[in-house]
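Feature annotations, reproduced from Swiss-Prot:
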SIGNAL    1-22  signal peptide
REGION    65-195  region 'Disordered'
COMPBIAS  111-136  compositional bias 'Basic and acidic residues'
COMPBIAS  137-149  compositional bias 'Acidic residues'
COMPBIAS  169-184  compositional bias 'Acidic residues'
DOMAIN    196-354  domain 'Cupin type-1 1'
CARBOHYD  N261  N-linked glycosylation site
DOMAIN    406-567  domain 'Cupin type-1 2'
CARBOHYD  N517  N-linked glycosylation site
Amino acid sequence: MMRARFPLLLLGLVFLASVSVSFGIAYWEKENPKHNKCLQSCNSERDSYRNQACHARCNLLKVEKEECEEGEIPRPRPRPQHPEREPQQPGEKEEDEDEQPRPIPFPRPQPRQEEEHEQREEQEWPRKEEKRGEKGSEEEDEDEDEEQDERQFPFPRPPHQKEERKQEEDEDEEQQRESEESEDSELRRHKNKNPFLFGSNRFETLFKNQYGRIRVLQRFNQRSPQLQNLRDYRILEFNSKPNTLLLPNHADADYLIVILNGTAILSLVNNDDRDSYRLQSGDALRVPSGTTYYVVNPDNNENLRLITLAIPVNKPGRFESFFLSSTEAQQSYLQGFSRNILEASYDTKFEEINKVLFSREEGQQQGEQRLQESVIVEISKEQIRALSKRAKSSSRKTISSEDKPFNLRSRDPIYSNKLGKFFEITPEKNPQLRDLDIFLSIVDMNEGALLLPHFNSKAIVILVINEGDANIELVGLKEQQQEQQQEEQPLEVRKYRAELSEQDIFVIPAGYPVVVNATSNLNFFAIGINAENNQRNFLAGSQDNVISQIPSQVQELAFPGSAQAVEKLLKNQRESYFVDAQPKKKEEGNKGRKGPLSSILRAFY
């Protein structure tokens with residue numbers, strides 16, 4: 001009988017258990033409406049990864065509620081999953097699901113399957129097209145939408161959108177490139193390819209402030225291996241405004257200073273005395289290595305510009321300037337000595353030395369020190385008058401002094417006519433230049449004048465444009481490859497052309513024929529390296545023409561034309577040195593006839 005009742009008893013127990021579970025679930029759902037709502041919102045997520053993450057957050061919500069009930073620990077309210085945001089309560093920190101990381105109990109899945117990828121593309125592309133259609137032609141909003149889409153959806157942009165965007169970017173880049181190239185493109189091309197041209201951008205600024213600047217030119221041999229013999233020479237440019245002073249300093253290099261514009265009081269300090277000179281445009285003076293000097297611009301209106309040829313004595317092509325003064329741009333070289341050395345040298349406490357020479361007392365802050373901003377400072381008129389009392393003017397009568405300044409225009413020009421004047425001082429005439437094996441030249445040319453083709457026998461000439469503009473043409477030989485067929489290859493000439501303006505520098509190697517055409521009133525200054533016994537050979541003109549000195553028998557063999565034709569051609573030019581740059585009209589009989597000078601001269605045309 002018990003066996004007959006056992007199944008009925010078991011069935012009753014199962015029924016009671018199911019009813020209890022049903023009531024328990026209903027009660028739990030009633031007590032946890034947020035969890036239920038969270039689960040319902042998860043059903044709307046089609047992406048499997050986001051669906052799993054949503055369920056994980058709902059489970060965390062349940063755990064947080066249970067822990068809160070057990071320990072009575074307040075927890076932040078979970079963010080609703082629907083798009084609308086609830087109003088932010090005071091003191092409640094806003095959380096962003098995309099920005100704030102949440103604990104995810106599942107590892108981030110690997111790249112999606114192809115089916116999911118295709119399904120996602122079908123969903124997202126129409127959305128982007130719809131946004132683009134709503135924005136119309138507003139480019140800024142269009143770019144913002146595209147960037148937002150790319151951040152939200154890590155899928156490739158549709159092919160047609162990629163092509164359109166790439167095409168727009170290419171067009172913009174092409175327009176920008178064309179506008180940049182159109183601006184002085186031809187001039188930049190010549191400057192970059194011409195190894196003998198040094199534009200203003202080839203200078204490096206050493207010191208600069210509102211009163212002036214000091215710049216040094218790039219090393220010559222860094223520009224071209226053809227200028228290897230100039231590796232020991234550097235060019236400095238100094239500019240200063242009126243009523244200014246370059247603080248005392250010395251360098252480990254011999255200086256040859258030339259005044260290009262303005263007036264300067266240049267003082268050289270010796271062990272027992274000092275020499276001060278009032279220098280004008282065209283004056284030059286050698287400053288031996290290690291000599292302390294300073295420069296004043298005493299003029300009230302005109303700026304001072306000078307060029308310095310520096311010949312280092314310690315390292316080839318490298319030199320240093322040592323300033324006595326301590327400034328924000330340069331420490332005094334005295335500060336390099338130890339404290340006890342300074343105290344013993346001046347028999348004074350270091351604190352006093354520091355205060356007097358370096359403008360800093362021990363314990364002073366950086367902002368409290370009284371330092372000059374740079375090595376070029378302003379000077380009062382009273383101080384200028386005091387410094388000018390002992391200044392001597394350069395002599396225009398003598399150029400043979402061993403230590404006094406000389407003027408490049410002190411003698412008559414070596415070449416002169418109505419179109420230009422050429423002044424020059426050679427090492428044979430000046431001991432200062434003889435020690436350095438240098439000649440100095442200064443040239444004035446009228447607009448439209450042409451300095452006839454010529455070459456220097458051994459001097460390398462550094463030409464500095466001071467005022468005006470010019471076109472210059474230099475002729476060299478193309479480099480030939482060292483091969484067995486070299487004997488069969490003809491030697492070809494190469495023309496280096498440049499448009500020069502103020503502050504440009506051009507180097508003329510020895511033996512390279514050169515011609516200068518002034519496109520405006522022109523003034524330039526030249527330094528000749530290896531100047532002793534240099535000879536300037538002209539290739540045209542009635543005087544000093546090297547071609548006219550060649551015997552007729554050799555001319556017959558050297559040129560296609562006869563010796564009589566060569567002589568006649570050379571005599572056509574009655575002027576010398578400076579001529580009109582506009583060629584004269586030829587007679588009808590000479591038209592079409594090949595000229596006899598077809599070698600080097602042909603490279604100038």
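Glycine is treated like the rest: Cβ placed from N, Cα and C.
The shown structure was predicted, so the numbers you read here are calculated from the model rather than taken from an experiment.
Its Cβ placed at the centre, N261 (N-linked glycosylation site) has 16 other Cβ atoms within 10 Å. Counting only the Cα atoms, the space from N517 (N-linked glycosylation site) to N261 (N-linked glycosylation site) is about 23 angstrom.
Cβ neighbour count for N517 (N-linked glycosylation site): 17 (other Cβ atoms within 10 Å of its Cβ, all protein chains included). Here the domain 'Cupin type-1 2' (406-567) returns a mean pLDDT of 90 for the predicted model. N261 (N-linked glycosylation site) falls within a strand when secondary structure is assigned with DSSP. DSSP classifies N517 (N-linked glycosylation site) as strand under the three-state reduction.
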